[in-house]
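Copied over from Swiss-Prot, here are the features:
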type	residues	note
BINDING	Cys70, Cys72, Cys85, Cys88	Zn(2+) 1 binding site
BINDING	Asp460, Asp462, Asp464	Mg(2+) binding site
BINDING	Cys814, Cys888, Cys895, Cys898	Zn(2+) 2 binding site
MOD_RES	Lys972	N6-acetyllysine
Amino acid sequence: MKDLLKFLKAQTKTEEFDAIKIALASPDMIRSWSFGEVKKPETINYRTFKPERDGLFCARIFGPVKDYECLCGKYKRLKHRGVICEKCGVEVTQTKVRRERMGHIELASPTAHIWFLKSLPSRIGLLLDMPLRDIERVLYFESYVVIEGGMTNLERQQILTEEQYLDALEEFGDEFDAKMGAEAIQALLKSMDLEQECEQLREELNETNSETKRKKLTKRIKLLEAFVQSGNKPEWMILTVLPVLPPDLRPLVPLDGGRFATSDLNDLYRRVINRNNRLKRLLDLAAPDIIVRNEKRMLQEAVDALLDNGRRGRAITGSNKRPLKSLADMIKGKQGRFRQNLLGKRVDYSGRSVITVGPYLRLHQCGLPKKMALELFKPFIYGKLELRGLATTIKAAKKMVEREXAVVWDILDEVIREHPVLLNRAPTLHRLGIQAFEPVLIEGKAIQLHPLVCAAYNADFDGDQMAVHVPLTLEAQLEARALMMSTNNILSPANGEPIIVPSQDVVLGLYYMTRDCVNAKGEGMVLTGPKEAERLYRSGLASLHARVKVRITEYEKDANGELXAKTSLXDTTVGRAILWMIVPKGLPYTIVNQALGKKAISKMLNTCYRILGLKPTVIFADQIMYTGFAYAARSGASVGIDDMVIPEKKHEIISEAEAEVAEIQEQFQSGLVTAGERYNKVIDIWAAANDRVSKAMMDNLQTETVINRDGQEEKQVSFNSIYMMADSGARGSAAQIRQLAGMRGLMAKPDGSIIETPITANFREGLNVLQYFISTHGARKGLADTALKTANSGYLTRRLVDVAQDLVVTEDDCGTHEGIMMTPVIEGGDVKEPLRDRVLGRVTAEDVLKPGTADILVPRNTLLHEQWCDLLEENSVDAVKVRSVVSCDTDFGVCAHCYGRDLARGHIINKGEAIGVIAAQSIGEPGTQLTMRTFHIGGAASRAAAESSIQVKNKGSIKLSNVKSVVNSSGKLVITSRNTELKLIDEFGRTKESYKVPYGAVLAKGDGEQVAGGETVANWDPHTMPVITEVSGFVRFTDMIDGQTITRQTDELTGLSSLVVLDSAERTAGGKDLRPALKIVDAQGNDVLIPGTDMPAQYFLPGKAIVQLEDGVQISSGDTLARIPQESGGTKDITGGLPRVADLFEARRPKEPAILAEISGIVSFGKETKGKRRLVITPVDGSDPYEEMIPKWRQLNVFEGERVERGDVISDGPEAPHDILRLRGVHAVTRYIVNEVQDVYRLQGVKINDKHIEVIVRQMLRKATIVNAGSSDFLEGEQVEYSRVKIANRELEANGKVGATYSRDLLGITKASLATESFISAASFQETTRVLTEAAVAGKRDELRGLKENVIVGRLIPAGTGYAYHQDRMRRRAAGEAPAAPQVTAEDASASLAELLNAGLGGSDNE
């Protein structure tokens, strides 16, 4: 017995490991894995079904087919364990060794491994520095390659055709050595001296100047060094021995009817063995060269197909014309080993069923059908029955449960009590898609779900199904209860707002309950308290909506956190007083003293959580729900067709619009407007008409006139059911009501363009055939879009998770002083997001000072919670520098201070939290709500773009930033800088509005002046760009020669003449090199200098510029010298929605990106080429000027002689994130990506916290390119993990050496995932072959840092509750202790023993 226990212990031991290394296998290594050579292609004997000897399933090589039994049956039973049968040669052992024992095939001729040959860049090609085409010609026996030139004029690695080879043979005899096939390549690889080659290349690298050559050399050096360091030998890329997969991993399964289903691998192996054996025979017979060669080529192709079918030439197909699945196909793709079996395992103990509503459940409960619970909790019931002595054996217990005896139900009740179960709804888009509940047994067959958690699951009850999982171990139950219980997940991890919010009926009920109504029964009473209000309502003496006075007792927390009561008489309604009874103590009465809509209820729950904490909030949420349901039922709100009131004015509005359209049509026919303008105008007219109709309709629905107590008419908010549903936020929106009772409006074609005839009818009037047909267009597009959107959104989430999966909070504080400035998001006149929303839950990076003083308001390293934010608002701070994950200094991971508050819990984040995955889920989950289409902005929107003035909305004072300006003759400011911003500051010093002011705008008010709301503060001409003079004086033309550089035009209407500068293409030969300009001189004819510089005021004019001055006229500063017409951009497509988010995270370059200044300096233009002009920026300090060629059609924002700063926009367009990173730095690119992504989500009304996007940006900035290696081991131009460079530099600086300089790289998320340090994670993501090839050649080690790698190797993840386990492992490793031996308990031992004996008895026990 003791012996047996020891044996059992040995069976369960797993190796502790820290890292996984991948490398090339040497032939000796393959032989050492192998248990014997497979010599025959046979599989099993068709009569006896026993494996053939030496075949692909041979029992002698791979092990016995039955447990502890040899093939011929001489030795059976456990007692012969380890004996090798002398008759059949099979070792007596467990049959599971057939899953792990490998065989091998000795190849008669070496063959190249296709991965190292064909996976680009070809490793063999790179190593030998030969083109892939040549290597292929050698390998597939079309050409010879010279291996040793000897004394001849043949070079090593020279390719010879058959004829050339024969000629050379005649000429030189056997002085040289040339071969073909894999042997030749093997010989070349073998004879390479890697170290020497490396030295030589490094020397070449230092000498060469050409960029392409440098790149090529660096690539080769990296590969050679990888070989040297990893200990791989180049010749191992050529196979001489082929390993054979264990047979149980490529099984042969008998189907009924005597046929067999086989794995494709067996076919592929059979081909290889057949060809190999044939080749051996041919070599023994010394067959003619050409036959042997053909056989060798066929063997090479067979091995190729086995390793990666279809990579070269046509894929080998099986009997049914389907390509065979090779070894490479087994591991890659969605159905491959990684994604199907390692990352997507199935879970035991689960049931699934349809869900229904459980309106009487508490928040932490779910209803579980009895039948289901009985099945799921079987093991626990068996155990309990035995423990109570109600059943003697498991088998008896099983019988009792099957009989469903009465005692079983009692025991089920006991077992289930306090045992949480997990509920999951697919698709699980974020972590709230799986939550734990305590089961309540119910009759019926459907799971009951608490209505408030539906939002988190995105569940509805139209037939959705959910899965139930039972956590078995104590630890699992603990985690489910402490972390996953629905009551612990009240806030959404994406934005920190409550996600347990009432919706639909509950909202409608509460809204109905808290509305007031004029002259309702009982109006004007004074009540002693909510109890009396309820009594009066129940006894029918007062209406729910009656306006009354009630004595209310509020409780408020004082400084010590004690509750202090305060009683007052409040004007309120009966319904609100009744609702007050369920509000927990500590909240103010004002919270319910209003008509409660969805937003207000959400805010109420949020306030409750922040003030009172978790428990009262959960109880409150449940009470809200019960009350809401009760009063929604009492309200009797229902929808009738008469509720959709069509406004009387609708008819006249539509006829007015039709008249306007007819007028435009006439103008078009008489040629006054173009077709495009007509289309845009028509659409604008209809859009405006639609708005007017819907406004009339909403005004109509919104109010009703009633008689009050004094007999006068009074308007009040209407009790129309449809309006109440929309107003409360329960269901529907103004846009939907507009289609019911207004007009349906303009419809879009499937390509996104708008049909110019709108649907003037609404659903109440009904649609005619044409209108109905137009509607189907849009409806179908909606469905098609949804299907596409789901797939795209899922793929985006997958990429995001993959790039961020290894980011975990690993330390408390990294101590950095870096951070990003947070300012409110202001677009035009609206504050889109106030500062408090942006900084809430972040940690300050430096002290926040009270504006205008040196007093510290908030010290650095403070977590800004609600109270701090109130303080910031009171002092109207408008910029705070906060810590950010992008600037965090932790090496592998992030520190808690840089991340800030854990949004789902409301306190600073814990160590071990997997913030990367949370960020990815938070961004990906709303993905399906984003739109798919690109917006064709025509009509209304493009007109808004051509603004010509700024009109402020609020009163306040003006503040200008980055401004250069001159004062013109009428005393107004004229802007002469490019990126001026105008902000409106209110009396508290808060920024309310912000606008961009273009060059040449005339300001009505100066910096710091007061303005009133609605005042126009700036004007400009949107269609031309002016050239403004900064000095006063007289105009002097230079190089303005009529007919050569300029031409005179006269306007027919006004009779004024103007000069137009010719484009250099249109000029005569003499005018090509002239540069027309306007110079400003004083009365004596001397140059006037631009103030503050020593440059003469001379303005060069680009082509097409229009000058309306004559030579010698007097002008004053701020006047317009010339105008450059701007082509209006036409209707540009604006990528919106999901594709835009994907573009940003993939860091794709836009089509025509903005051109930014690479350095600071003075702009001038050099010699032009045919289609481009040469822009030269000369630095002020006299270093080398920077030149760039810019296509002629790009509009430039800068004039000659202007000063630009690095990163300024030279030509407008969408900015490329890579340029922003290079020229303006990490913080600028973070800000850009965060703001752009937020714009898309904000448009859809989705709230996501900035830090999630920052987390992804941090991962995109993970790599750096070495600019100068210093004393480090890096190569120039090499791309390295940013943290690696930091660590290396730290060590070098500690030793007083020079560190490497580097530039940060921005990689798209796909690129970044594939470029991670972990090859396991990258291989399981995409491009498996390429990743594994690269890793094997470099002999990479995977340190198993991320979550994915650990899941794949089957360990706890180093995050969450697994974080402690990994910390403990690290600590023990550092202390050098052995891991604690797994203790085998008596139960384990007896269980394994029973299993063993059962197996040994040949499975006679068939219960």
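Just so it is clear, glycine is given a Cβ too, placed from its N, Cα and C backbone atoms.
Swiss-Prot feature annotations superimposed on the structure.
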residue	record	DSSP (3 states)
Cys70	Zn(2+) 1 binding site	coil
Cys85	Zn(2+) 1 binding site	coil
Asp460	Mg(2+) binding site	coil
Cys888	Zn(2+) 2 binding site	coil
Cys895	Zn(2+) 2 binding site	strand
Lys972	N6-acetyllysine	coil
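Those residues of the chain, other than Cys814, Cys888, Cys895, Cys898, with a C-beta within 8 angstroms of the mean position of the Zn(2+) 2 site C-beta atoms are Glu811, Asp813, Thr816, Arg883, Val885, Ser887, Asp889, Thr890, Val894, Ala896, His897, Tyr899.
In this structure, the binding-site residues under consideration are Asp460, Asp462, Asp464, and the one with the smallest number of other Cβ atoms within 10 Å of its Cβ is Asp462. Here the Cα atom of Asp462 (Mg(2+) binding site) is found 64 Å from that of Cys88 (Zn(2+) 1 binding site). Taking all protein chains in view, 20 other C-beta atoms sit within 10 angstroms of the C-beta of Cys85 (Zn(2+) 1 binding site).
The most densely surrounded of the binding-site residues Cys70, Cys72, Cys88, Cys814, Cys898, judged by C-beta neighbours within 10 angstroms, is Cys898. Within the set of binding-site residues (Cys888, Cys895), the lowest number of other Cβ atoms found within 10 Å of a Cβ is recorded at Cys895.
Distance noted between the C-alpha atoms of Cys72 (Zn(2+) 1 binding site) and Cys898 (Zn(2+) 2 binding site) is 69 Å. Of the chain residues outside the Mg(2+) site list Asp460, Asp462, Asp464, Ile355, Ala459, Phe461, Gly463 have their Cβ within 8 Å of the site's Cβ mean position. Apart from Cys70, Cys72, Cys85, Cys88, the Zn(2+) 1 site neighbourhood in this chain, defined by C-beta within 8 angstroms of the site C-beta centre, holds Leu71, Gly73, Lys74, Tyr75, Glu86, Lys87, Gly89, Val90. When Cα-Cα distances from Asp460 (Mg(2+) binding site) are compared across the binding-site residues Cys70, Cys85, Cys888, the shortest belongs to Cys888. Closest to the residue listed as 'N6-acetyllysine' in space, going by CA atoms and restricting to the binding-site residues Cys70, Cys88, Asp464, is Asp464. Within 10 Å of the C-beta of the residue listed as 'N6-acetyllysine' we count 16 further C-beta atoms, all protein chains included. Cys888 (Zn(2+) 2 binding site) sits 43 Å from Asp464 (Mg(2+) binding site), taking the C-alpha atoms as the reference points. Of all the binding-site residues in the record (Cys70, Cys85, Cys88, Asp464), the one with the smallest CA separation from Cys898 (Zn(2+) 2 binding site) is Asp464. For Cys70 (Zn(2+) 1 binding site), the nearest neighbour among the binding-site residues Asp464, Cys814, Cys895, judged by Cα separation, is Asp464.
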